[in-house]
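Read through the structure below, which is laid out as structure tokens, and then see the notes.
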Amino acid sequence: MQVWIVFLLCLGGKALAAPATEDEVIDEVLEELPVGSNPVQVETGEFDEAIEVEEEIPSENPCLNHHCKKGKVCEVDESNTPMCVCQDPSTCPASTAEFEHVCGTDNKTYDSSCHFFATKCALEGTKKGHKLHLDYIGPCKFIAPCIDNELNEFPLRMRDWLKNVLVSLYERDEDNNMLSEKQKLRVKKIFENQKRLQAGEHSLDLLAHDFEKNYNMYIFPVHWQFGQLDQHPIDGYLSHTELAPLRAPLIPMEHCTTRFFDQCDTDNDKYIALEEWAGCFGLKEQDVDKDLVI
Ligand SMILES: *[C@@H]1O[C@H](CO)[C@@H](O)[C@H](O)[C@H]1NC(C)=O
Ligand SMILES: [Ca+2]
Ligand SMILES: [Ca+2]
């Protein structure tokens, strides 16, 4: 039941602007992110755990098998029934390194994601709590506005990066089956084509040229990434929450991240549909193919 998403973030260092967010479950995803290194490996798993799950295994402590979402802890009431209550932020382990800090959409730095979610939980039901989301990994910082020119460069690098992520997955994927056989076949082609453009720093001109020349090579990686993110639920749309595993570690490094994903949502319904996603990455409409996502 585990879906592992491994992102290798190899984008050049730049950062970004402040967004407005919505969903709730972002939390679970972000908690799973080991951060602070570049390349960053992001593992997202067990979204099922976002929901409070009660298992029917009898045990002394009813809380043992009672899972609470981030920001909550299990307590038993008078009748020994487990329930989830907001965690007191002061019970969160103190962070030991700066990269454990997170920045909220209130532009406040929280000591750790535990502190963030505990704080958010305490605000549950209030307007402030509804608006508060984890924005990005690391302490809040000044994020330069993304200017039009830079925004245009962003998909060039992002596309190249997606392709490289897939190729490195393919190279490592001997027995852990992160890619299906069908996917492997597709990536194999890209892999063999890699000789044309090795992973690494490339000038934007080169990336633009390669996209034109080897356009077909980019179709699958763009679809694949969409499928990795579109999991909760799998419906052909990315919510803010679903986008979080990609977005949150990226924002401090790429200051056009927020603007890029905002403008992807061309119909402004707060969801990025596959067509919108593909369009953002420069794929032609006729190349959008739902079957490539699965
Ligand atoms: C957010 O906080 C950082 C660090 O305190 C500050 O440099 C930055 O200007 C703030 N950003 C906004 C949008 O207020
Ligand atoms: Ca979805
Ligand atoms: Ca949309």
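Along the chain as shown, residues are numbered 1 onward.
Any Cβ shown, glycine's included, is placed from N, Cα and C.
As annotated by TrEMBL, signal peptide applies to 1-17.
Annotation source TrEMBL lists disulfide bond at C63-C74 (among others). Sequence-distant contacts (6 or more apart, same chain, Cβ under 8 Å) of C63 (disulfide bond) comprise C74, E75, V76, P82.
Annotation comment: TrEMBL describes C68-C84 (among others) as disulfide bond.
According to TrEMBL, the domain 'Kazal-like' annotation covers 85-142. Counting residues of the domain 'Kazal-like' (85-142) by DSSP class, helix then strand then coil, yields 21 helix, 11 strand, 26 coil.
Marked as disulfide bond by TrEMBL: C86-C121 (among others). Within the same chain, residues at least 6 positions away in sequence whose Cβ sits under 8 Å from that of C121 (disulfide bond) are G71, K72, C86, Q87.
Taking the Cβ of C92 (disulfide bond) as reference, residues of its chain lying under 8 Å away and at least six apart in sequence are, in sequence order, D111, S112, C114, H115, A118. Look at TrEMBL and you will find C92-C114 (among others) tagged as disulfide bond.
The local packing around C140 (disulfide bond), expressed as other Cβ atoms within 10 Å of its Cβ over all shown chains, amounts to 18. Annotated disulfide bond per TrEMBL: C103-C140 (among others), in sequence order.
If you look up TrEMBL, you'll see C146-C256 (among others) marked as disulfide bond.
The disulfide bond annotation in TrEMBL covers C264-C280 (among others). Sequence-distant neighbours of C280 (disulfide bond): residues of the same chain at least 6 apart with a C-beta under 8 Å from its C-beta are P155, F260, F261, Q263, C264, I272.
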When the pLDDT values for the domain 'Kazal-like' (85-142) are averaged, what is the result?
93
Using CB under 6 Å from any atom of ligand 1, narrow the disulfide-bonded residues C63, C68, C92, C103, C140, C256 to the ones that qualify.
C140
For C86 (disulfide bond), just count the other CB atoms lying within 10 A of its CB, please.
17
For C264 (disulfide bond), what is the secondary structure by DSSP, using just helix, strand and coil?
helix
Using C-alpha atoms only, work out the spacing between C103 (disulfide bond) and C256 (disulfide bond) and round it to an integer in Å.
17
